[in-house]
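*Asks:* Pulled the feature table from Swiss-Prot, pasting it below:
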- H44: active site, proton donor (ACT_SITE)
- I168, T169, M170, V171, D172, M173, S174, W224, K225, G304, H305, E306: NAD(+) binding site (BINDING)
Amino acid sequence: MKVTFEELKGAFYRVLRSRNIAEDTADECAEMFARTTESGVYSHGVNRFPRFIQQLDNGDIIPDAKPQRVTSLGAIEQWDAKRAIGNLTAKKMMDRAIELASDHGIGLVALRNANHWMRGGSYGWQAAEKGYIGICWTNSIAVMPPWGAKECRIGTNPLIVAIPSTPITMVDMSMSMFSYGMLEVNRLAGRELPVDGGFDDNGQLTKEPGVIEKNRRILPMGYWKGSGLSIVLDMIATLLSNGSSVAEVTQENSDEYGVSQIFIAIEVDKLIDGATRDAKLQRIMDFITTAERADDNVAIRLPGHEFTKLLDDNRRHGITIDDSVWAKIQAL
């Protein structure tokens, strides 16, 4: 089925207000969920909303909490999220990193006691739209086996890097081959994964999303490389925020909350003039996209460039929502 942006935001707002969320908070949160979905990231927008409400109802999320700055060291700040709403807090933290970068050239905000930020790419994009390089990542509950293990002991720990090119170039990737949200998207669509995404119950690589969702043996991105990167991202976020590691979140909490996150903004224009910046970025993009194609029918893509088209299509033709997901939201 298809819905308009206003219908989608209205559905989110209704559910949030039914939980006695303050009007301005409910409006901003509903806006962010709707914008994420409109951008084509269904896995962390509309599909994730029922899970968000579950955590809200369980008390994992404290909707009226106010994040508090704990430490200030010039270009670096440490904040405590107080388990406030994840996407609203993350937006505020990247805004703060941008403010610090405008003063120092670079700004870094380390956040503890945070909740799931939904679409991490929103915050990298937020920085790039203002002309900054945006880098951010989060740890999580243990949902992935380290390389060589069967048990989940590391997080998917998504990493975002956004560049202020035209259009914006952005990598938004979990440390697994696919996020659990994308496993759900493919399962709901009745599709196999395009490449192996995890192991089946016999320890063989599989493209079946439902099998991986059930046994939790998701495949690290780049095998041992993604496993290693997940571990060091967790260590950095934990140390800089003085917050919880994947081990602590997993062993001490009843669900995924109280995570640690990093937000970095870099003001490129303090280091290079605008014309030179644009020319260098365009040369990089042209050099890549003019390579001889392996398949004439498949274009060479740059990361993140598809979001501009997805957003335009959804604004023109309406936002496609899975019927079962829409039914869940209507029942909340």
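Every residue gets a Cβ built from N, Cα and C, even glycine.
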*Asks:* Quick one: give me the count of other CB atoms within 10 A of the CB of D172 (NAD(+) binding site).
*Replies:* 23
*Asks:* Restricting to the chain of I168 (NAD(+) binding site) and a gap of 6 or more, list residues whose Cβ falls under 8 Å of its Cβ, or answer none.
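*Replies:* Residues satisfying the criterion: W125, A128, E129, A162, G304, H305, F307, T308.
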*Asks:* So how far apart do the NAD(+) binders I168, T169, M170, V171, D172, M173, S174, W224, K225, G304, H305, E306 get, largest Cα to Cα in Å?
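*Replies:* The widest Cα-Cα gap among those binding residues is 30 Å.
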*Asks:* What is the separation, in Å, between the Cα atoms of M170 (NAD(+) binding site) and H44 (active site, proton donor)?
*Replies:* 16
*Asks:* How would DSSP class S174 (NAD(+) binding site) in three states?
*Replies:* coil
*Asks:* My understanding is the cutoff is Cβ-Cβ under 8 Å with a sequence separation of 6 or more in the same chain; which residues meet that for H44 (active site, proton donor)?
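*Replies:* Looking at Cβ-Cβ distances below 8 Å from H44 (active site, proton donor), excluding near sequence neighbours, one finds T36, M118, R119, G120, S179, G181.
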*Asks:* Three states by DSSP: which one describes I168 (NAD(+) binding site)?
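*Replies:* Coil, per DSSP.
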*Asks:* Fewest other C-beta atoms within 10 angstroms of its own C-beta: which of the binding-site residues K225, H305 fits that?
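*Replies:* Across K225, H305, these binding-site residues, the one with fewest Cβ atoms within 10 Å is K225.
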*Asks:* Using Cβ-Cβ distances, find the residues under 8 Å from S174 (NAD(+) binding site) that belong to the same chain and are at least 6 apart in sequence, listing them in sequence order.
*Replies:* T156, N157, P158, L159, M221
